[in-house]
């Protein structure tokens, strides 16, 4: 978890291309990550009690698999998005490949799957709250990106969904 937060906060921004990112959003995003990291860590260290066989429990193993799947989708989708623009370009382009074949928000889908996997693996209320918050925040962003792509690009694939492959 700490590695992912570190990767998203300090490494990923240096590989993005496009318009500058507002400093105010960076500040509030950092505050949220600190608060959420504290809440998740505090709960897992001081409140959660797991039996000795928790690592073989179906909740942990299925949650871990979902988490890893979501992380893989998220990282792969981010890589595809970074390769869309050449240095200095700020125009939008149609993402291709990976889960972008099926959804406009493949990176968002990956992140949502990732955090629901974490919530299932930890079986904790704070983790489920964070997963739900993630869905509520970036789900609409995927929908709005999808609408933007459909309006902007006449050749945008009409069979693509916004967030969930084949469904929505």
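The backbone N, Cα and C atoms fix where each Cβ goes, glycine too.
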Inset, instruction - Examine the ranges 58-77, 78-97 and name the one recorded by TrEMBL as transmembrane segment. - result: 58-77
Legend entry - Segment-level pLDDT (mean, integer) for the domain '3-oxo-5-alpha-steroid 4-dehydrogenase C-terminal' (20-168): 93
Inset, instruction - Provide the three-state DSSP residue tally for the domain '3-oxo-5-alpha-steroid 4-dehydrogenase C-terminal' (20-168): helix first, then strand, then coil. - result: 102 helix, 2 strand, 45 coil
